[in-house]
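**Student:** Could you have a look at this structure, given as structure tokens, before my questions?
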Amino acid sequence: MMSVLKKICGSKNSLKSFDNEVYQSIEKELQRQKSQLQLIASENFASKAVMEAQGSFLTNKYAEGYPGKRYYCGCEHVDKIESLAIERLCKLFGVKFANVQPHSGSQANQAVFASLLTPGDTILGLSLSCGGHLTHGAAPSLSGKWFKSIQYTVNKDTYLLDMDEIEKLALEHKPKLIIAGASAYPRKMDFKRFREIADKVGAYLLADIAHYAGLIAAGEYPSPAEYAHVMTSTTHKTLRGPRGGIVMTNDEILHKKIQSAVFPGLQGGPLMHVIAAKAVAFKEALAPEFKTYSKKVVENAKVLAQELQKHGLDIITGGTDSHIVLVDLRSQKLTGKDVVDSLERAGITCNKNSVPFDTAKPTITSGLRFGTAAETTRGLEAENFKEIADLINEVIQGLISGNSSSVEKAVKAKVERICSNFPIY
């Protein structure tokens with residue numbers, strides 16, 4: 001007998017034949033990724049192996065619970081996969097316990113909040129306008145609504161974290177949780193000092209390493225594993241895996257609380273196809289080649305920052321220790337929105353970003369955020385990023401001179417040439 005799926009979708013059961021509208025949109029997105037330079041700091045290109053795992057039959061399997069303790073039968077194979085993911089993740093970051101089920105980095109953070117806090121408790125996190133993340137206590141986020149959120153900033157002259165000021169705020173407000181992490185901070189963080197401050201006020205320390213995780217795993221960025229009570233991260237960005245979240249700790253008691261917070265506290269059935277893709281990505285990150293890749297990510301970011309500086313652009317903190325490069329456009333009297341729109345028309349995608357103490361609206365901003373992880377995956381080297389800096393400058397100068405249309409067209413042709421020399425897949 002013919003299956004219901006075959007009756008609905010046809011005997012070939014292909015996306016193209018059944019839903020050409022979705023198929024064409026996917027194909028167009030693939031062509032966009034192939035023909036544009038992806039400089040969004042939170043993006044990367046997952047491997048075919050990762051995507052094969054995520055697109056597997058595991059999407060059919062429900063598996064509430066944890067390996068060996070499921071609420072459904074037929075979980076012996078997904079138990080093996082999740083156990084592999086946990087084992088590899090613990091090895092990758094040198095931790096004892098890990099949860100690989102969170103659907104996102106935000107949900108990973110929520111699980112930590114649910115484990116360690118009660119509504120009304122005080123938390124201390126980096127201000128969104130100074131490079132923090134929504135989940136670090138920003139007013140629009142649940143973290144800013146459920147808890148008393150105190151926000152630390154950066155030094156007004158150097159734009160670096162002011163650890164003495166953070167300690168002063170901690171001593172004054174006695175937070176129950178201190179968050180060390182960022183979405184737009186290019187420099188190294190002093191996790192040891194963060195832990196010392198946390199210990200002085202009896203606070204937990206959460207290290208949100210979503211942006212830096214791959215660099216940490218490769219030894220290119222300081223690891224908080226020795227200092228943080230809990231670490232959270234996404235699995236894409238510099239880890240180059242599928243979109244998802246993880247939670248790690250060396251404390252067994254906290255681990256048990258986190259397990260309960262993820263399931264049944266926040267989520268029901270885990271996405272086993274995504275967990276399989278995470279397991280594959282962790283294996284990739286354990287390979288020697290990943291260390292070489294991560295080293296190049298940072299080197300390329302440094303080159304990009306240096307070359308943009310040569311063109312007269314202001315680089316926040318004067319450079320970078322990571323994959324992130326932040327540009328302050330205030331001296332050019334341009335907005336982030338105007339520049340990113342022009343760059344996109346020229347085939348370069350990045351994102352507008354607030355700079356420290358920005359007075360522009362978040363939908364406008366006075367800055368740009370670039371990242372080098374995706375294009376380094378593609379194979380671009382330092383010399384290529386020098387050219388990219390030149391192209392970015394050409395677009396900016398085109399806006400300043402009022403000649404943006406012709407400049408965008410010329411730059412787009414150069415971008416397409418670069419992309420054709422470095423195919424993604």
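Each residue's number is its place along the chain shown, starting with 1.
Just so you know, glycine gets a Cβ as well, placed from its N, Cα and C.
From Swiss-Prot, for reference:
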- Leu128, Gly132, His133, Leu134: (6S)-5,6,7,8-tetrahydrofolate binding site (BINDING)
- Lys237: N6-(pyridoxal phosphate)lysine (MOD_RES)
- His236: site 'Plays an important role in substrate specificity' (SITE)
**Student:** On the three-state reduction of DSSP, what should I expect for His133 ((6S)-5,6,7,8-tetrahydrofolate binding site)?
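**Tutor:** Where His133 ((6S)-5,6,7,8-tetrahydrofolate binding site) sits, the three-state DSSP reduction gives coil.
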**Student:** Long-range neighbours only, meaning 6 or more apart in sequence with Cβ under 8 Å: which ones does Lys237 (N6-(pyridoxal phosphate)lysine) have?
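**Tutor:** Once residues fewer than 6 apart are set aside, Lys237 (N6-(pyridoxal phosphate)lysine) is near Ala41, Ser42, Glu43, Asn44, Ala210, His211, Ala213, Gly214, Ala373.
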**Student:** Whole-number Å distance between the CA of His133 ((6S)-5,6,7,8-tetrahydrofolate binding site) and the CA of His236 (site 'Plays an important role in substrate specificity')?
**Tutor:** 16
**Student:** Let me know the most crowded of the binding-site residues, choosing from Leu128, Leu134 and counting other Cβ atoms within 10 Å.
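**Tutor:** Top count of Cβ atoms within 10 Å goes to Leu128.
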**Student:** Same chain only, sequence gap of 6 or more: which residues have a CB within under 8 Å of the CB of His236 (site 'Plays an important role in substrate specificity')?
**Tutor:** Ser42, Glu43, Asn44, Ala46, Pro242, Arg243, Gly244
**Student:** What are the other residues, in sequence order, whose C-beta lies within 8 angstroms of the center of the C-beta atoms of Leu128, Gly132, His133, Leu134 at the (6S)-5,6,7,8-tetrahydrofolate site?
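**Tutor:** After dropping the recorded site residues, what remains is Gly125, Leu126, Ser127, Thr135, His136, Gly137, Ala138, Ser141, Ala182, Ser183.
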**Student:** Tell me, by DSSP, whether His236 (site 'Plays an important role in substrate specificity') is helix, strand or coil?
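**Tutor:** The residue in question, His236 (site 'Plays an important role in substrate specificity'), is coil (DSSP, three-state).
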**Student:** Helix, strand or coil by DSSP: which one applies to Leu128 ((6S)-5,6,7,8-tetrahydrofolate binding site)?
**Tutor:** helix
